[in-house]
C-alpha cells in the first residue's frame, strides 16, 4: 500500500497536554500533545463508539469517556479493562507548523 503524508492540523490548534479531534480524508483522528510531542490515533475507542477526543488525557494515557478504559497514546496499547484491543496509531511529523500524518 502507498502511504502519504497528509496535512491534519495546525500545531497551534493542539493545546499543551490536551487532545483534539480532527477529520483527515473522512477519517476521525485524535491528536495529542504530550510533553512537547504530537501523537495520533483513531478517534473512536476500540471497545465502544466513544470519541477519544472527548476523553481525559493524563500524561501518555487517554481515558475513554464511555467506559473509562485507557490507552497509551504513544503506542496505542490498551492498558486496562474493559479494553481488549489496541487503538491504531499514525506516524506524525511537523512541517512548517503543520501536523502531518502518514496514512495508508
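Any Cβ shown, glycine's included, is placed from N, Cα and C.
These come from Swiss-Prot:
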BINDING   45, 47, 64, 67  [2Fe-2S] cluster binding site
DOMAIN    6-101  domain 'Rieske'
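Within the same chain, residues at least 6 positions away in sequence whose Cβ sits under 8 Å from that of residue 67 ([2Fe-2S] cluster binding site) are 45, 47, 48, 50, 82. Listed in chain order, the extra residues whose Cβ falls within 8 Å of the Cβ center of the [2Fe-2S] cluster site residues 45, 47, 64, 67 are 46, 48, 50, 65, 66, 68, 69, 82, 83.
Contacts of residue 64 ([2Fe-2S] cluster binding site) defined by a Cβ separation under 8 A and a same-chain sequence distance of 6+ are given as 45, 47, 48, 50, 52, 55, 70, 71, 83, in order along the sequence. Each residue of the domain 'Rieske' (6-101) gets a DSSP state, and the totals for helix, strand and coil are 6 helix, 47 strand, 43 coil.
Residue environment of residue 47 ([2Fe-2S] cluster binding site) contains 18 other Cβ atoms, counted within 10 Å of its Cβ in all protein chains.
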